[in-house]
Amino acid sequence: MGCQKCTTRIASCFRSITVEPVLFLYMLAQFTQFSVFQQFLYRKTCFDKYKDIGICTNLTNPEYKEQEKYTQTEASHWIFYGTLCLTIPSLISASFIGSWADRFSRKLPILLPIIGACLSSLNYIILSVHMETVPLPLVLVSSTINGIMGGFVTAIMSVFSYVGFIADPRTRTIRIGILESMTFMGSTLGVLVSGIMLENTSFTFVFSFLLVSQVLACIYTLIFVKDIKPTEDQRQGKNYCSFLFSLSHLKSSVMCVFKPRERQRRLHLLLTLLAVFFTLIVSIGFEEIALLYTKHPPLSWRGIKLYGYFKALMNGLQGLALIAILPIAKKCTDIHDTSVILFGALSKIGGLVLFGFSKYTWMVFLVAPLAMFQSFTVAGMRALMSKLVEPNEQGKMFAIVGIGESLCTLLGSTIFNNLYPATLKFYPGFSFFAAAGMMLIPIILIVWVRQDMKSQAQYESLQVAELQSPPTDSGPEVDEVAMGEGDQFPTSQKSSTLQFEKY
């Protein structure tokens, strides 16, 4: 009996798998590319300036201190240019694709960024074959193609809106947490193999590995991901192509965020969005400069192998926290989403501060367990926002998140790729202290949202108690007062007092 029950649960888990493998494969390729691309720029920038491969492979040598400073600064600028070419087109793409997914199909928006990534990898392969002769600005072609097809933000938006639509509200936090863990699992393997592959093969081999991963993600999506299409009424009589390029997408996405909602849900949604954006700026900023920081004295890491081990450990622990610890915590303690977010934010701050103080390799690796719960922050925010909107608004809401993520990528890259070179002589770790300070803003916002949700729940509990106290048939009126737009639970005094628990 017990064995049969266990088998049934395992089968149920496998049946619930939808877009998780897609995100895993996409992130595997993205994070492999990210580390190798930075190393590629580092090597290419140095070679274009000094035309000496001996210098460029030994920049940690004190003899080449000036060359190392130049390469650090110039590589940081080119990383920013690449981010710019990726962000601006993807900002436009995401604003159209999210609302389009709510009206027509949730499968095509998943495919588009994967196809863009495949084309981007093909360009990287060509550049790596002719690395010593091709002009450096051609690296921006890959970023531009990727951005036009939606890029990283559309990939994230499409899979999270897909799961947000199909998941039961009671298990949505767990489902989104597991989906978020695919980012960290993919990134763990990506940064781990990137260093090993690059040390033992070549840039061309690594970029070819990216292409294979992306093609597999594309094939899986085509074969195994079921398309979700709305009714004819929701399509409003427009065809696929004309509506894809309709400006009403941006309007409907903005209206989704700003439309009036009961129990101050609109305000809660806006403040949570703002908290997400500040968190993403910090996360992007860290990723943009962390590799350069580890190459600078006193750490002076050579290549990317050691950095790959560090990122693999860090991302692996974050993925483990999401896929194992968060579901157990939600099932056993009924912890609020806001508590999950705050715990993750404090973990993130601790990791940033320690990273900024790190002068030895062991200190850098100690950041990984200290910051392992930082993945709770964005996962909790996504789950919270998903519960604040209707099922047929998931695409629009995550489109706004995608647009904001594009802007945050641009802002984070701009801020930290300029702050890091400017403070390099003063104190190399200063940028990470600034990032930790910036994380106080989302903490303050989420604390306010949490307290206001509690106040709303207590106020509604009093309202229901007053309406139920007279011995009259006022049940329908009680239901109207207690139930808000999109509630999934029966209305009673007990359920009203537990409205905060949903979040």
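Don't overthink the numbers, they just go from 1 along the chain as shown.
Including glycine, each Cβ sits where the backbone N, Cα and C put it.
Just so you know, TrEMBL annotations are computer predictions that nobody has curated.
Per TrEMBL, the feature domain 'Major facilitator superfamily (MFS) profile' maps to 18-454.
Sequence annotations record features per position, and here TrEMBL assigns transmembrane segment to 78-101 (among others). Long-range Cβ contacts of the transmembrane segment (78-101) within its own chain (Cβ-Cβ under 8 Å, at least 6 residues beyond either end) map to 37-38, 41, 45, 108-109, 112, 136, 139-140, 143-144, 146-154, 157-158, 161, 243-246, 248-250, 252-253, 288, 395-396, 398-400, 402-403, 405-407, 409-410, 413-414, 417-418.
Note on the transmembrane segment (108-127): residues 19, 22, 26, 29-30, 33, 37, 40, 93, 97-98, 100-101, 134, 138-139, 141-143, 145-152, 154-155, 157-159, 162, 203-204, 207-208, 210-211, 214-215, 217-218, 221-222, 225, 395 of its chain, located 6 or more positions outside it, place their CB under 8 angstroms from a CB of the stretch. Annotated transmembrane segment per TrEMBL: 108-127 (among others), in sequence order.
Residues or ranges marked as transmembrane segment in TrEMBL: 147-166 (among others).
The feature transmembrane segment is assigned by TrEMBL to 178-197 (among others).
Annotation comment: TrEMBL describes 203-225 (among others) as transmembrane segment.
Counting only same-chain residues 6+ beyond the ends of the transmembrane segment (267-286), those with a CB under 8 A from a CB of the stretch are 257-258, 261, 341, 345, 348, 352, 355, 377-378, 381-382, 384-385, 388-389, 397, 400-401, 404-405, 407-409, 411-413, 415-416, 431-432, 435, 438-439, 441-442, 445-446, 448-449, 452-453. Positions annotated as transmembrane segment by TrEMBL: 267-286 (among others).
TrEMBL lists 306-328 (among others) with the feature transmembrane segment.
For 340-357 (among others), the entry in TrEMBL reads transmembrane segment.
The transmembrane segment annotation in TrEMBL covers 363-385 (among others). Through the fold, the transmembrane segment (363-385) approaches residues 160, 172-173, 176-177, 180-181, 184, 268-269, 272-273, 275-276, 279-280, 283, 294, 299, 310, 313-314, 317-322, 325-326, 337-338, 340-341, 343-345, 347-348, 350-352, 354-355, 357, 397, 401, 442, 446, 503 of its own chain, all at least 6 residues removed from its boundaries and within a Cβ separation under 8 Å.
According to TrEMBL, the feature transmembrane segment maps to 397-420 (among others). Long-range contacts of the transmembrane segment (397-420) within its own chain (CB-CB distance under 8 A, at least 6 residues past either end) are made by residues 76-77, 79-80, 83-84, 86-88, 90-91, 94-95, 97-99, 101, 151-154, 156-158, 160-161, 164, 249, 253-254, 256-257, 269, 273, 276-277, 280-286, 288-289, 292-293, 382, 385-386, 389, 428, 430-431, 434-435.
Residues annotated as transmembrane segment in TrEMBL: 426-449 (among others). Only residues 6 or more beyond the boundaries of the transmembrane segment (426-449), in the same chain, are considered here, and those with a CB under 8 A from a CB of the stretch are 268, 271-272, 274-276, 278-279, 281-282, 285-286, 289, 293, 296, 338, 341-342, 345-346, 348-349, 352-353, 355-358, 377, 381, 416, 419-420.
The region 'Disordered' annotation in TrEMBL covers 465-503.
According to TrEMBL, the feature compositional bias 'Polar residues' maps to 489-503.
Here the transmembrane segment (203-225) has Cβ contacts under 8 Å with residues 18-19, 21-22, 25-26, 28-29, 32-33, 36, 40, 107, 110-111, 114-115, 117-118, 121-122, 124-125, 128-129, 131, 162, 193-194, 197 of the same chain, all six or more residues outside its ends.
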